[in-house]
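Feature annotations, courtesy of Swiss-Prot:
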ACT_SITE  Y103  active site, charge relay system
ACT_SITE  E146  active site, charge relay system
BINDING   H93  heme b binding site
BINDING   Y196, R212, E213, Y214, S215, P395, Y396, D397, P398  FAD binding site
BINDING   G276, I277, G278, I279, T280, P281  NADP(+) binding site
DOMAIN    9-147  domain 'Globin'
DOMAIN    156-263  domain 'FAD-binding FR-type'
SITE      Y37  site 'Involved in heme-bound ligand stabilization and O-O bond activation'
Amino acid sequence: MTVEYETKQLTPAQIKIILDTVPILEEAGETLTQKFYQRMIGNYDEVKPFFNTTDQKLLRQPKILAFALLNYAKNIEDLTPLTDFVKQIVVKHIGLQVLPEHYPIVGTCLIQTMVELLPPEIANKDFLEAWTIAYGNLAKLLIDLEAAEYAKQPWRWFKDFKVTRIVQECKDVKSVYFTPVDKDLLPLPKPERGQYLCFRWKLPGEEFEISREYSVSEFPKENEYRISVRHVPGGKISGYIHNNLKVGDILKVAPPAGNFVYDPATDKELIFVAGGIGITPLLSMIERALEEGKNVKLLYSNRSAETRAFGNLFKEYKSKFGDKFQAIEYFSEDNNTDDKIVIDKAFNRKLTTDDLDFIAPEHDVYLVGPREFMKDIKEHLGKKNVPVKLEYFGPYDP
């Protein structure tokens, strides 16, 4: 489905129609977006790989779209307040490799869902025309912004990479190394520290490809990318990686993406807070910060010593960089804090917000972990006016 969008000026009457939709979206926006996704995913196979079934079941994707539609309607006369949010959408779309031909599918399903759910006296001809123009303007904005970002990328769409090594990092984490099949991609394009790669997986027995994003867990050496994956019970992709993936297999990989990246310009002390496998995008940042002579403090929370990845790497950092590097660890289900694993300090309990009381606006804070973990920490530090850089995988929380 190919449509060339052009920006069209909404009339005052059409602007009023969009603004009058705000109460409807406030009351029933999530119902509308749930129906929208059911319609789109049920009827258009080409968009199915973009969507994580867990995010759909937990209603993350419908919630974020409802939030986006509501705020687009509220700000239809001036989108300036949505600048940062639009940038987030663009970053996510680039990572997933959303293309211009996907936008008409979204627009068609959105209008059809409005017709289905809203009474005809509301979803009349004028209403549908106003929202068709409004959506077209938004699509044009996003397509143009994404085209500018795609032009910067070292390749387009998903390229074949061959698995070169698989390393067991701890009980339930494996690192996978892979290099491009197409030698024209060498030397390997370097990501910014903290970025991720999107993969398309075609698993045995699955009708459609599945997309997953994994952080680049080591700054590339020897023309290899590395990701490190925790085995999640019941997880289709993590289970496949841990139980079936082998050296020589081919992976479909999109270019590095994401705006959660290391800022080398800072002269502040750096605080890295990681929950479990959230450590992966932080590894190359920590490495670079220490190489630059900066003070780095890591707060690292895991269930147990058995499920704590990269402990030996952090011991190497301690040996090499001394007091420039401090690692404080938390094991929520383990009583093993003997000298063999402790780097600076270790506690047999969960990391809590009380452990962050020393953090002040004079620190630069990077945070990655489970959603609730990040939400609690961000809220706590926000009360102290401490800015936090963080990464959500999947839909952003509003």
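Just so you know, glycine gets a Cβ as well, placed from its N, Cα and C.
Shown on the structure are the features that Swiss-Prot records.
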| residue | record | Cβ within 10 Å |
| --- | --- | --- |
| Y37 | site 'Involved in heme-bound ligand stabilization and O-O bond activation' | 19 |
| H93 | heme b binding site | 21 |
| Y103 | active site, charge relay system | 22 |
| Y196 | FAD binding site | 23 |
| S215 | FAD binding site | 28 |
| I277 | NADP(+) binding site | 25 |
| G278 | NADP(+) binding site | 23 |
| I279 | NADP(+) binding site | 27 |
| T280 | NADP(+) binding site | 28 |
| P281 | NADP(+) binding site | 26 |
Revision key, fill the gap. Note on NADP(+): the CB centroid of G276, I277, G278, I279, T280, P281 has further same-chain residues inside 8 Å, namely S215, S217, S228, A274, G275, L282, A309, V368, G369
Practice item. In whole Å, note down how far the CA of E146 (active site, charge relay system) lies from the CA of T280 (NADP(+) binding site). Key: 26
Review point. Taking Cα atoms as reference points, which of the recorded positions Y37, Y196, S215 is nearest to I279 (NADP(+) binding site)?
Key: S215
Practice item. Do me a favour and check the Cα-Cα span between G278 (NADP(+) binding site) and E213 (FAD binding site); whole Å is fine. Key: 13
Review point. In Å, rounded, how far does the Cα of E213 (FAD binding site) sit from the Cα of Y103 (active site, charge relay system)?
Key: 22
Revision key, fill the gap. A 10 Å Cα radius around Y196 (FAD binding site) captures, of the recorded positions Y103, E146, G276, P281, exactly P281
Review point. Among all the protein chains here, how many other CB atoms are within 10 A of the CB of E213 (FAD binding site)?
Key: 19
Check your understanding: For the domain 'FAD-binding FR-type' (156-263), what's the model's average pLDDT?
Key -> 94
Study note, to complete from the structure: For the domain 'FAD-binding FR-type' (156-263), the DSSP residue counts stand at 11 helix, 45 strand, 52 coil
